[in-house]
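Noted in Swiss-Prot for the protein shown:
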COMPBIAS  1-16  compositional bias 'Low complexity'
REGION    1-23  region 'Disordered'
BINDING   Asp307, Asp311  Mg(2+) 1 binding site
BINDING   Asp307, Asp311  Mg(2+) 2 binding site
MOTIF     307-311  motif 'DDXXD motif'
BINDING   Asp451  Mg(2+) 3 binding site
Amino acid sequence: MASQVSQMPSSSPLSSNKDEMRPKADFQPSIWGDLFLNCPDKNIDAETEKRHQQLKEEVRKMIVAPMANSTQKLAFIDSVQRLGVSYHFTKEIEDELENIYHNNNDAENDLYTTSLRFRLLREHGFNVSCDVFNKFKDEQGNFKSSVTSDVRGLLELYQASYLRVHGEDILDEAISFTTNHLSLAVASLDYPLSEEVSHALKQSIRRGLPRVEARHYLSVYQDIESHNKVLLEFAKIDFNMVQLLHRKELSEISRWWKDLDFQRKLPYARDRVVEGYFWISGVYFEPQYSLGRKMLTKVIAMASIVDDTYDSYATYEELIPYTKAIERWDIKCIDELPEYMKPSYKALLDVYEEMEQLVAKHGRQYRVEYAKNAMIRLAQSYLVEARWTLQNYKPSFEEFKANALPTCGYAMLAITSFVGMGDIVTPETFKWAANDPKIIQASTIICRFMDDVAEHKFKHRREDDCSAIECYMEEYGVTAQEAYDVFNKHVESAWKDVNKEFLKPTEMPTEVLNRSLNLARVMDVLYREGDGYTYVGKAAKGGITSLLIEPVAL
C-alpha cells in the first residue's frame with residue numbers, strides 16, 4: 001500500500017518549521033463523495049419477503065429431488081452456487097455432493113461432466129483424483145484433438161484446473177491448453193456462451209469474488225435457454241435483499257467515517273472507506289456476517305490510516321512513540337504523541353473498544369485480544385520498514401520478505417475476520433490462526449507479491465521506499481519482467497496451497513478457511529491490473545457500482 005509522493009506545501013495545517021519538507025502521498029480524493037452517506041429510503045415489502053421464502057423452499061426441493069442423471073444434478077448445483085444463493089442450502093448441497101462423490105457413473109463422464117464434477121467436489125473439499133482427466137489424453141500424453149471442438153467441455157476443464165494442487169501436472173497443462181483453444185474459439189461463438197468464455201478468460205470462478213461473479217452470471221444465466229425460472233427469480237430477489245442490507249451497513253460506516261473528519265485532520269491519508277467496505281464484503285457477503293462486516297471494515301479503514309501514517313507522513317522519530325503507544329494499547333499514551341497522531345490513535349482504540357462491547361453479550365471478548373495483538377504486530381512490521389527507509393538500507397530478498405509478508409496486513413485481517421463470526425469459531429481457531437497456518441501464509445503471499453508487482457509495474461511506489469522487486473532484481477541480477485515472473489510463480493504456488501488446505505480432512509471448518517480464500521480472491525480481483533484500492537481501478541469501480549448502487553431488474 002505504498003505510494004508516490006510529492007512535497008507537502010508549507011501552508012499545510014500539519015506542517016511546521018521542523019517538518020515542512022515532509023513527503024505527502026498524492027492520493028486522489030474519494031470518487032464517491034457522500035453518495036453512500038444516506039441509505040435508500042426503502043425496505044423489502046412483505047409480499048416480496050413472502051415470495052422470497054416461497055421460492056427458497058422450491059429451490060431447496062429441487063436440490064434434493066432425484067434427477068435423470070448426475071450431470072443435471074451437478075449443473076443445477078453449479079447454477080445455485082454461481083448465482084450467489086448457495087449459502088441458503090449449505091447442508092443440502094453438501095449431502096448431494098457427498099452422494100455424487102461415492103456414486104460415480106463413468107458412463108456419464110464426458111469432458112463437461114467430468115470437469116464439472118471435479119470442480120464442484122474439489123470446491124467442497126472432496127479429494128477427487130485428477131487422474132479422471134487421463135482418458136482425454138492420447139498415447140503421446142497430449143490432450144486429444146477431438147476435445148478442442150467441445151467448447152463447453154473445454155470451458156469446464158479450464159475452470160476445474162484452477163482447483164489444482166501441487167504435483168497435478170495434467171491440470172497445469174490443462175490451463176495452457178484450454179486457455180489457448182478458448183481464446184481461439186471465442187470470436188466464433190454465439191451469445192451467451194461467448195460471454196461465458198470471454199469472462200472466464202478474464203476471471204476464473206475459483207479466484208473471483210462470489211458476489212461479483214453472481215452479479216455477472218445473473219445477466220448471463222437469464223439468457224441461457226435452459227435456465228430454471230424459479231431459481232432465477234429467487235436469485236434476483238435475494239441479490240436485491242442483500243444489496244439493501246449492504247447499503248444500510250455502508251451508510252452506517254460512512255457516517256462514522258465522516259464524523260472522524262480524517263479528510264481534514266489527516267490530509268496525507270487515503271479516503272477509501274467505500275473501497276474498504278467492498279474489500280470486506282468480499283471476505284464475507286452473507287447476511288449472517290453483518291456484524292463482522294461492519295467491524296472488519298472499520299478495522300481495515302484504520303489499518304489504512306495507520307499504514308499511511310508510517311509510510312507517507314510521519315518521521316521515524318515520531319513513529320517510535322506511535323508504535324510504543326499501539327503496543328501498550330492505553331489511551332493514556334496519547335499525551336506522548338504529536339498532535340496530528342492523536343485522532344488516529346484514539347479512533348483505533350475506539351474501534352476495538354466498540355468491538356469488545358458488541359461481542360461481550362456472547363462472552364466472546366477473548367477474541368478481541370487476538371485481534372489487538374494482530375494489529376500490534378502489523379504496526380511493529382511497519383516500523384521496521386520505516387527504519388530501512390530512514391537508513392537507506394537494502395535488505396536481502398529473504399530478509400525483506402520476512403518483514404514484508406506481515407506488512408500486507410492479511411494475517412491481521414484473517415484473525416480479525418473471525419471476531420464477528422458465530423459459534424463455529426472457538427479459542428482453538430484463534431490459537432491456530434496465531435501460529436501462521438499454511439492457508440494464512442498462502443493468502444498473505446498472494447497479497448504481498450501481487451501488491452509488489454502492481455506497485456512496481458504501475459509505478460505506485462515512492463522512490464525512497466524499499467521495493468521487493470528491486471531487492472530481487474539487485475540480488476539476482478535479473479530484469480523487472482523476470483522478477484515479475486518469479487513473483488507470479490510464487491502466487492500460483494500459493495494458490496495451490498490454498499486449494500490443498502480445503503481438501504478433507506481439514507484443520508478447521510470450511511467456514512473458517514473461506515475467510516483466507518476470499519481474502520486471496522480480493523487480491524486477484526483488485527490488484528491484477530495495478531493497486532485497485534489506492535488508485536480505484538476499473539475492477540473496484542465496476543464492483544462497487546454493480547453490488548452497491550444498481551439493483552437487479554426483476
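Note: Cβ is positioned from N, Cα and C throughout, glycine not excepted.
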Residue pair Asp307 (Mg(2+) 1 binding site), the residue listed as 'Mg(2+) 3 binding site' - Cα distance, angstrom, rounded: 14
Residue, out of the binding-site residues Asp307, Asp311, Asp451, whose Cβ gathers the largest set of other Cβ atoms within 10 Å: Asp451
For the motif 'DDXXD motif' (307-311), residues assigned helix / strand / coil by DSSP: 5 helix, 0 strand, 0 coil
Inter-residue C-alpha distance, Asp451 (Mg(2+) 3 binding site) and Asp311 (Mg(2+) 1 binding site) (nearest angstrom): 15
